[in-house]
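Visitor: Would you mind keeping the following structure in view while I ask a few things?
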């Protein structure tokens, strides 16, 4: 069984927002993949479904962060709540920059901006991991909405995704210092178990991939977002928030 050890995201300065290779390298600590790292780079980010996966950079008054998101509507992007809400940084992110399909220095679909995000109240009040999901309201760029420039993900809902074959793709931070800009990487896996709104799996992912879509390998329907690494007494795994009836209804109400 593949397991991953993740370390804490270090403090980022607003210089992070310049999107230079140097700032990427400075803003994130390394992580280790136990056993073989099976992630593969997505070379063509302009084909479905990868075009709908977007690199995110969030800014607070004195801090910043990077994550991954997925376009799910004309002007809506799905990500993890902890990407856009952090009480230690002042609460909700002040602004978010979105670059769908970003491939190192190549920006195929321009850049979008957001100054408004939606986070479940359960996460805002107690940072409950069952509600680690968020929606970003995206402003049009050059008169075009983000969901018209790329094809949004379709959504899939269920209360138990155990046994589901899936793919996870996003922008891992350990690759920032290897390439001249953020690059997209993917891995495949199977949901090992479901607990509440959370799915557990051993597909490889790292910092920067928080908020990355979990989607069906065949239909490409999105059923969750990657959120974190967890270690139990005898097990290690990654996990994500899935579109159970409760979460799916919250998402639909906020589209």
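Just so you know, glycine gets a Cβ as well, placed from its N, Cα and C.
Source: prediction; values computed, not measured.
Per TrEMBL, the features are:
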SIGNAL    1-25  signal peptide
DOMAIN    33-255  domain 'Peptidase S1'
ACT_SITE  82  active site, charge relay system
ACT_SITE  132  active site, charge relay system
ACT_SITE  210  active site, charge relay system
Visitor: For residue 132 (active site, charge relay system), name the DSSP secondary structure in the helix/strand/coil scheme.
Guide: coil
Visitor: What does DSSP say about residue 82 (active site, charge relay system): helix, strand or coil?
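Guide: Where residue 82 (active site, charge relay system) sits, the three-state DSSP reduction gives helix.
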Visitor: Cα distance, residue 82 (active site, charge relay system) to residue 210 (active site, charge relay system), nearest Å?
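Guide: Between the Cα atoms of residue 210 (active site, charge relay system) and residue 82 (active site, charge relay system), the distance comes to 8 Å.
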Visitor: Within 10 angstroms of the C-beta of residue 132 (active site, charge relay system), what count of other C-beta atoms is obtained when all protein chains are considered?
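Guide: 29, counting other Cβ atoms within 10 Å of residue 132 (active site, charge relay system).
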Visitor: Kindly assign residue 210 (active site, charge relay system) to one of the three DSSP-derived states: helix, strand or coil.
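Guide: DSSP assigns residue 210 (active site, charge relay system) to coil.
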Visitor: Which ones in the same chain are close to residue 82 (active site, charge relay system), with CB under 8 Å and 6+ residues apart in sequence?
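Guide: Sequence-distant Cβ neighbours: 123, 127, 132, 210, 227, 228.
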Visitor: Among all the protein chains here, how many other CB atoms are within 10 A of the CB of residue 210 (active site, charge relay system)?
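Guide: Counting Cβ neighbours of residue 210 (active site, charge relay system) within 10 Å gives 28.
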